[in-house]
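Peer 1: Below is one structure. I have some questions about it.
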Ligand code: RTP
Ligand code: MG
């Protein structure tokens, strides 16, 4: 297999809590130091409806309404990250959903505020990445 084929892509969001606190640069630095290539990046403000579509897998969860209100309350940075084993490695660099349980060295440990305002999103499987990447980016925007 050539090196190109070994590469994997995942989808990431720098959430509104981080954009509001002006720490997007810190998150991007941790991404680059973690060995990820940024192959797509845009700043966007989701409507409530767009947030609901993005997180539809959680529509029956008790936190769904709050989550979609949070994700649409201000701009986010949407990213496509590339690396070998990108999906699992990005989940590792993000840390546990609840920053209180996140390990040292993770983004959520360093910058997360609460179980909801946890600074970053990451695809949890290849299937999720295949839904989430084209939700935000077209082919021409991935370089
Ligand atoms: P994400 O999808 O954003 O990468 O986060 P995750 O996989 O670590 O967590 P998930 O279970 O998929 O939950 C999605 C997002 O919903 C918010 N949440 N709030 N109030 C709560 O109990 C609660 N639980 C989850 C968080 O913003 C979480 O990242
Ligand atoms: Mg998730």
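Just so you know, the numbers here start at 1 and follow the chain as drawn.
Here the Cβ of each residue, glycine as well, is placed from N, Cα and C on the backbone.
Where the annotation comes from TrEMBL, it is an automatic prediction and has not been curated.
Annotations for this protein, taken from TrEMBL, read as follows:
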- 7-143: domain 'Nucleoside diphosphate kinase-like' (DOMAIN)
- 15, 63, 91, 97, 108, 118: ATP binding site (BINDING)
- 121: active site, pros-phosphohistidine intermediate (ACT_SITE)
Peer 1: Taking a cut-off of under 6 Å between Cβ and any atom of ligand 1, tell me which of the binding-site residues 15, 63, 118 pass.
Peer 2: 63, 118
Peer 1: Tell me the residue counts in helix, strand and coil for the domain 'Nucleoside diphosphate kinase-like' (7-143), as DSSP assigns them.
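Peer 2: Counts, helix then strand then coil: 64 helix, 28 strand, 45 coil.
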Peer 1: Across the whole of the domain 'Nucleoside diphosphate kinase-like' (7-143), what does the mean pLDDT come to? Round it, please.
Peer 2: 98
Peer 1: For a quick check of packing: other C-beta atoms within 10 Å of the C-beta of residue 97 (ATP binding site), how many?
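Peer 2: Taking all protein chains shown, residue 97 (ATP binding site) has 13 Cβ neighbours within 10 Å.
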Peer 1: From the Cα of residue 121 (active site, pros-phosphohistidine intermediate) across to the Cα of residue 97 (ATP binding site), what is the distance in angstrom?
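Peer 2: Between the alpha carbons of residue 97 (ATP binding site) and residue 121 (active site, pros-phosphohistidine intermediate) there are 9 Å.
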Peer 1: Between residue 15 (ATP binding site) and the residue listed as 'active site, pros-phosphohistidine intermediate', how far is it from one CA atom to the other, in Å?
Peer 2: 7
Peer 1: Please report the distance from the Cα of residue 121 (active site, pros-phosphohistidine intermediate) to the Cα of residue 91 (ATP binding site), rounded to the nearest angstrom.
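Peer 2: Residue 121 (active site, pros-phosphohistidine intermediate) to residue 91 (ATP binding site), Cα-Cα distance: 8 Å.
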Peer 1: Using all protein chains in view, find how many other C-beta atoms are within 10 Å of the C-beta of residue 63 (ATP binding site).
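Peer 2: Summing over all protein chains shown, residue 63 (ATP binding site) has 12 other Cβ atoms within 10 Å.
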Peer 1: Indicate the candidate from 15, 91, 108, 118, 121 with the smallest number of other Cβ atoms within 10 Å of its Cβ, considering only these recorded positions.
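Peer 2: If we count Cβ atoms within 10 Å for the recorded positions 15, 91, 108, 118, 121, the smallest count is at 91.
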